[in-house]
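Here's what Swiss-Prot has on this protein:
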type: BINDING; residues: 39-46, 86-93, 151-154; note: GTP binding site
type: REGION; residues: 28-245; note: region 'Small GTPase-like'
type: REGION; residues: 204-229; note: region 'Disordered'
Amino acid sequence: MRLIQNMCTIAEYPAPGSTAADCCLGAAGRRLVKIAVVGASGVGKTALVVRFLTKRFIGDYERNAGNLYTRQVHIEGETLAIQVQDTPGIQVHENGLSCNEQLNRCIRWADAVVIVFSITDHKSYELISQLHQHVQQLHPGTRLPVVVVANKADLLHVKQVDPQLGLQLASMLGCSFYEVSVSENYNDVYSAFHVLCKEVSPKQQASGTPEKRRTSLIPRPKSPNMQDLKRRFKQALSAKVRTVTSV
């Protein structure tokens, strides 16, 4: 697996005259799979994405501004270019979910979605059904692949949600389910993305609606590059070393 070091934000609008199939191709003609990661604030979405990309865990992050990352991965003999779109936390109001248009465009843009909740936050679990329904409404006429991820499995002493409830709900919604500890286990994180990529078929991608393809035209806010991620990882590691030394 090789991480592509040119981090950006959501895919550029396809060139004039390009076809739906062209929009599904990444660098070197490889099939491109676009994944949006959504969920409530504080559930570990950014940590999940960075863990998948770098195999590293960084405990502290700045509030997410919506970054997109790209890597290559080999799945069943095929090399895929994967774009993973991190998103800000979703809020809930009396009238339901609060999803701004930028988030809606991210979801429409995606070929698949990861819905993340934390076993330490029951409200994040309660969001799953509404969020899944919202995702499917933004993809009418198709069954978008979705994986539900229960994060922070290592924090059993503050658990508010039994992971079995997440499994049952995911099964009811027709989604795959993974219980993970982003801080302690990379393999489970990788498996969740691996399975999701397998569920995205070339036929499904090529049948994207014109509306879905137009959502590729999204402003490109500045996002961190690999050097920035490495810098933050070193800072987090240095902070841990200082803490141990001072004890």
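Backbone N, Cα and C atoms are what each Cβ position is placed from, and that goes for glycine too.
Positions of the features from Swiss-Prot, shown on the structure.
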residue : record           : contacts (Cβ under 8 Å, 6+ apart)
GLY39   : GTP binding site : LYS45, GLY89, ILE90, ILE115, VAL116, PHE117, SER124, LEU127, LEU131
GLY42   : GTP binding site : GLY89, SER118, ASP121, SER124
ALA153  : GTP binding site : ILE119, PRO163, GLU179, VAL180, SER181
Neighbour count (Cβ, 10 Å) for ILE90 (GTP binding site)
22
When the pLDDT values for the region 'Small GTPase-like' (28-245) are averaged, what is the result?
82
At a 10 A cut-off on CB-CB distances, which of the binding-site residues LYS45, THR87 has the highest count?
LYS45
LYS45 (GTP binding site): secondary structure state under DSSP, collapsed to three categories:
helix
Going by DSSP, is THR87 (GTP binding site) sitting in a helix, a strand, or coil?
coil
